[in-house]
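Before I ask anything, here is the structure I am working with.
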Amino acid sequence: MRKNIVAGNWKMNKNLQEGIALAKELNEALAADKPNCDVVICTPFIHLASVTPIVDKAVIGVGAENCADKVSGAYTGEVSAEMVASTGAEYVILGHSERRAYYHETVEILEEKVKLALANNLKPIFCIGEVLEEREANKQNEVVAAQLASVFSLSAEDFSKIILAYEPVWAIGTGKTATAEQAQEIHAFIRSLIADKYGKEVADNTSILYGGSCKPSNAKELFANPDVDGGLIGGAALKVVDFKGIIDAFK
């Protein structure tokens with residue numbers, strides 16, 4: 001059976017000391033009130049080796065926000081999947097809309113990143129989603145289908161290790177909001193694509209997270225949908241009270 005997951009994406013926020021403090025505070029809150037879902041925090045690279053040992057791995061998984069598409073070598077500024085795994089991190093976000101937009105990550109680059117993450121026993125949280133122009137042109141289905149090419153080259157066994165996150169890029173920071181119905185509609189479509197490629201059992205066991213503007217106030221409604229298995233949380237993951245409010249939507 002697929003897992004319900006709430007994953008926090010800290011993005012480029014929190015210096016090292018602030019990140020350690022946030023991880024400790026979250027760890028204490030969840031130790032006192034155990035979650036009914038898997039909880040993951042994906043932090044900047046510099047936090048990983050410090051945050052991983054201070055959280056209870058039975059309650060909180062730790063991940064990176066990216067990794068390189070190369071194994072090792074003369075790639076100044078890059079951090080490999082092997083390096084991420086060596087910190088004790090278990091997860092890595094790949095294909096986030098910000099990486100696609102600002103760093104021009106292609107289907108081919110992301111395919112390499114996914115393979116290297118899996119080779120180092122990391123669990124990829126693979127992001128897909130359409131921008132405003134694509135949504136207004138009603139092209140969201142073909143956009144996410146094209147983006148899934150980065151992971152649809154995998155064997156069924158390897159694909160089963162992937163967590164998907166749908167980001168309605170058009171609804172993030174634009175003042176427009178995606179309804180719970182819109183979220184369910186596209187999540188169901190994504191699951192149907194997985195079923196067509198890998199069969200119903202694999203599709204039924206794939207967690208698909210919602211990466212829109214998820215808050216404590218709307219999480220319960222979003223997560224009540226049959227094909228929404230949790231959230232990839234940005235801003236609300238930077239405050240324990242907000243992040244825990246979203247986690248508690250599964251109670």
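Numbering starts at 1 and runs along the chain as displayed.
Any Cβ shown, glycine's included, is placed from N, Cα and C.
Feature list, courtesy of Swiss-Prot:
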| type | residues | note |
| --- | --- | --- |
| ACT_SITE | H96 | active site, electrophile |
| ACT_SITE | E167 | active site, proton acceptor |
| BINDING | N9, W10, K11, G173, S213, G234, G235 | substrate binding site |
Between the binding-site residues N9, S213, whose Cβ has more other Cβ atoms within 10 Å than any of the rest?
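Buried the deepest by this measure is N9.
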Compile a sequence-ordered list of residues in the same chain as E167 (active site, proton acceptor), six or more apart from it, whose Cβ lies below 8 A from its Cβ; state 'none' when nothing qualifies.
H96, S97, C127, I128, G129, G211, G212, L232
Mind telling me which of the binding-site residues G234, G235 has the densest Cβ neighbourhood, counting other Cβ atoms within 10 Å?
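Counting Cβ neighbours within 10 Å, the top one is G234.
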How many other Cβ atoms sit within 10 Å of the Cβ of K11 (substrate binding site)?
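The answer is 17.
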Taking the Cβ of W10 (substrate binding site) as the centre, count every other Cβ atom within 10 Å, in any protein chain shown.
22
Please report the DSSP secondary structure of G234 (substrate binding site), reduced to three states.
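Where G234 (substrate binding site) sits, the three-state DSSP reduction gives coil.
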Give me the count of other Cβ atoms within 10 A of the Cβ belonging to the residue listed as 'active site, electrophile'.
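Here the count is 27.
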